[in-house]
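Per TrEMBL, signal peptide is recorded for 1-23. Summarising the annotation, TrEMBL assigns active site to His61, Glu115, His119.
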Amino acid sequence: MKSSALVLIQIFAVQFLVLQCVSQDFDFFYFVLQWPGAYCDTKRSCCYPTTGKPESDFGIHGLWPNNNDGSYPSNCDSSSPFDGSEISDLKSKMQTEWPTLACPSGNGMSFWAHEWDKHGTCSESVLDQHGYFETALNLKQQVDLLGALNNAGIQPNGGFYSLNSISQAISKATGFTPGIECNVDENGNSQLYQVYLCVDNSASNLIKCPLLPRGKCSSRIEFPKF
């Protein structure tokens, strides 16, 4: 009897560990928005999606589970691959709000599959596949970064603006200090590339970021045209 009980305990322990591995506990999400002009204005350049040039607006890059210590889970559940049929009702909106700029030109499916496989599978304890993409789209509707910057006189016209003024404009609009990531254009200028906002681990509300990513930005950065 003791042997049988021990075997059962071991089985339950293994099942628990497997469940933990799949669900992947995490502390918060990074909601990452990307400026297409900065993605394209590099030596790598870009390719517009097969649906045509995206709007001149920040696009979604991803919704990424993260931990307070800076670590993050990834590729958590190979048994739950991306399935485009799960998001058929969201596809049109995603092509507008979550466009791909990678080469060669695509319809977005490969980009979204990467985001789900790497990041979305680590949030399955909170969001299923449809819920993951729908939540990101809903967050995008709540956060009008371009409007916030325009209201502060910061426009994507190739001009240079202080990093602090950009951060303050976004903070005023969202209520929270953003993480700002820069990249470098072909002339070596630091430019506004991505904005990180933080969301609680239930994917419900924006929160103060427990940790801001290092953005490699100069004190004044370019806001390139698109």
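Quick reminder: no glycine exception, Cβ is built from N, Cα and C everywhere.
Across the fold, the C-alpha of Glu115 (active site) and the C-alpha of His61 (active site) stand 8 Å from each other. A distance of 11 Å separates the Cα atom of His119 (active site) from that of His61 (active site). Cβ neighbour count for His119 (active site): 23 (other Cβ atoms within 10 Å of its Cβ, all protein chains included).
Counting every protein chain shown, the number of other Cβ atoms lying within 10 Å of the Cβ of Glu115 (active site) is 21.
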